[in-house]
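J.: For reference, Swiss-Prot lists these features for the protein:
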BINDING   92, 229  pyridoxal 5'-phosphate binding site
MOD_RES   193  N6-(pyridoxal phosphate)lysine
């Protein structure tokens, strides 16, 4: 049976372009457990609902021993469902797990579990012509109950899914540089996707929003002279060198290795643009013709301005005469066309999803 014959059409009773990021019930999620004795993860199981049973004494809740990912699945015009760049997300998840002492999930198991979660929730994958996608949230954590600060006897790996639209939308947003808070320490865990890097940002992001800024921007915490990343997205600067386009990406050991940023780099090179991956000085910001916030949730969002209070700096990035940002628009269209099957996947980024039986076993209650 061909995948497009198995998967049901997306529900017609949802306003796909306006569903936002509200959590809603889906068919279920996937769980795996780690066996310390065999040093292996169990086969993925489908569990109904979106709730977990977890000990109040788990190191995940008490000491923050958890790591997660963010990725998406899409439907193409033929009805085929596929996941965008799961191998890269698997590698990043493995790195994050190692940082917080969780046994890494093997790539094959990670992709099987993710694909199974998408497959059993196939009707929640939006139509190809909507602005929505199926967001995928893999999560690993120490789950065995204990009070001492040591490796637990139990670990859990889960995959949740949720239909969403873009987190930041597609219009330009204004950024505020964080000067009273450092996102990460120079030799810390900033390059891992773990909750401890995000929860402390919440109150600062709320303060920025209250002042009308859509996203915080972080400088390096050691010297505060270089660009690291936005609080929920990677940073890309665009420079116009006498008609030749160059994109500049931060090279820092304290930032997440953005899958979307890497996709932009590969696309830029295919366009014939120059690419520089290096430390970016704060003083370079006025030299850019565009600045982009890039990430799985945000996709590609142009930055309208960057404010730094202590220096009373306001750096504005003006749109073109037609109101757009040419490089952001070009990259956005290329990525979205590949994701939705409207453009040729020359990089082999999209992995098709098949019926649940291809990934394995019965549903548990």
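Glycine too: its Cβ is placed from the backbone N, Cα and C atoms.
Neighbours and distances for these, please.
T.: Under the DSSP three-state reduction, residue 229 (pyridoxal 5'-phosphate binding site) is assigned to strand.
All chains included, 22 other C-beta atoms sit within 10 angstroms of the C-beta of residue 193 (N6-(pyridoxal phosphate)lysine). In this structure, residue 193 (N6-(pyridoxal phosphate)lysine) belongs to neither helix nor strand by DSSP; it is coil.
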J.: How big is the gap, in Å, between the Cα of residue 92 (pyridoxal 5'-phosphate binding site) and that of residue 193 (N6-(pyridoxal phosphate)lysine), rounded to a whole number?
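T.: So the alpha carbons of residue 92 (pyridoxal 5'-phosphate binding site) and residue 193 (N6-(pyridoxal phosphate)lysine) sit roughly 8 Å from each other.
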J.: Which residues of the same chain, at least 6 positions away in sequence, have a Cβ lying under 8 Å from the Cβ of residue 229 (pyridoxal 5'-phosphate binding site)?
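T.: Listed in sequence order, they are 183, 217, 218, 235, 250, 252, 255, 256, 258.
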J.: How many neighbouring Cβ atoms, not counting its own, are there within 10 Å of the Cβ of residue 92 (pyridoxal 5'-phosphate binding site)?
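T.: There are 21 such Cβ atoms around residue 92 (pyridoxal 5'-phosphate binding site).
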